[in-house]
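Read through the structure below, which is laid out as structure tokens, and then see the notes.
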């Protein structure tokens, strides 16, 4: 028997459905990322750029805000200076030789005249004879003239028809405020010392005390 023919007619045995495995083949685009990867990469890059721009803008804003307070402080200081100047212009002061007390300026005369002349002298200074409003003011005035031997007219006069003491503004004397020593009679005016208030003739010569409202300077 010719064995060569036998071997030549022999076909290799294959199981049904079996296919010879072939070595994997790779296309040129096999290593490239899918299309959506490219889109994601581009979107990420754009997001990073926007984030970077936002950070730059934020840093500029922070620097501006940090530098702004000194400017505002200068503005506030300028405003305070203007307010201070305005406040100075609104300061209330008394004229020379006048004594401040609360909202009043008081003037103690250096000469003696009758009550009416003292009243007129006060009027020439845009003032009136003193109106004592309370006990505290009474003490202040008596301390002001303490050590002086003179007596001083004030804006208090006896009204014979009404049998009462009245201040020159028309108000009636409160007896709890002042106790007047002397007679209550016509043409009587009140004079004050550093200890008491007396009744004296309005025609007698005495010093006087004027008052006026504090003025703006």
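Any Cβ shown, glycine's included, is placed from N, Cα and C.
Annotated features in Swiss-Prot:
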type     : residues : note
DISULFID : 122-210  : disulfide bond
DISULFID : 189-202  : disulfide bond
DOMAIN   : 101-211  : domain 'C-type lectin'
CARBOHYD : 81       : N-linked glycosylation site
MOTIF    : 31-34    : motif 'LCK-binding motif'
TOPO_DOM : 1-45     : topological domain 'Cytoplasmic'
TOPO_DOM : 67-217   : topological domain 'Extracellular'
TRANSMEM : 46-66    : transmembrane segment
Study note, to complete from the structure: Cβ neighbour count (10 Å, all chains) around residue 189 (disulfide bond) is 26
Check your understanding: Per residue, counting other C-beta atoms within 10 angstroms of the C-beta, which of the disulfide-bonded residues 122, 202, 210 reaches the highest number?
Key -> 210
Practice item. Just give the helix, strand and coil counts over the domain 'C-type lectin' (101-211), going by DSSP. Key: 20 helix, 40 strand, 51 coil
Revision key, fill the gap. Quick note, residue 189 (disulfide bond) and residue 210 (disulfide bond): C-alpha atoms separated, nearest Å, by 15
Practice item. State the mean pLDDT for the topological domain 'Extracellular' (67-217). Key: 88
Review point. For residue 210 (disulfide bond) and residue 202 (disulfide bond), what Cα-Cα distance in Å is obtained after rounding to a whole number?
Key: 16
**Study point:** Residue pair residue 202 (disulfide bond), residue 122 (disulfide bond) - Cα distance, angstrom, rounded
**Key:** 16
